[in-house]
Amino acid sequence: MTPNDKFALPVPTQADTKVLAEASKSTNSTYQLLYFPMHGRGELTRTLLVFSGAKWEELPLDLDVQKQQLPFKLIPILYETAPDGTILELAESHAIERYLATKYGLNGTDPYSTHKIDQIYTSTDFANQLFWQRVRWAPLDRRIEEAHKFYDEILLPYIANHEAQLESNGGNGYYFGESITLADLKSAHFIDRVLFMRPKGTKEPPFSKEKSPNLWKVLQRVNGHPAMTAWKKTKRYQDLDAGSLSFFQF
């Protein structure tokens, strides 16, 4: 056994597309995730696996060893092993998230409802990307200034739009119907990140029960779900919190 054996990756099954498509229908698969020891672009994938109730684990990471084996030379990568032993390699965070949400009933049931959920997902993802660009990656000496601009220029319009969307569903804490979907998970994660990654010395972000009551209900619905409550209590989740703060120097 060589040192690199520790970082060996699962070997995707080479088979006809129909065979792989059939394997993807299983809801009894097991999963292995390859990503950094922080939340980042692996956060929602981990949450979807938690909500699914599937068995999953994280693979040891060494990109110097593993990078050339990855389809786009980027992570996260999710390996799915179906009950018959077929191994599927899933790449790109957004594609992984939509795949898992569809498989485990957290996406739409028809093209229109899927589109409506994807509208919210895409809107929130755009705001989240701006949070990364403007705040997370901002030089330390400009982080407070950039955070305040982000709160005023991006968050306030985002909140107004999403409060209206949620109000149209009765203000019940869900974007659609009376159950959690990918839209709710995406927005709850975004709110969590903005609150958790608040630069020291900044004013409070405009997410609160008073300033964004409908979005706050979404956050409470997601974080109050038994699967999410249990996940957040684990040492692994706390380590991911610490890894995120350390990486971005918060």
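Placed from the backbone N, Cα and C atoms, the Cβ positions cover glycine too.
Summarising the annotation, TrEMBL assigns domain 'GST N-terminal' to 29-108. Summarising the annotation, TrEMBL assigns domain 'GST C-terminal' to 110-242.
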State the mean pLDDT for the domain 'GST N-terminal' (29-108). 96
Give the residue counts of the domain 'GST C-terminal' (110-242) per reduced DSSP state, in the order helix, strand, coil. 95 helix, 0 strand, 38 coil
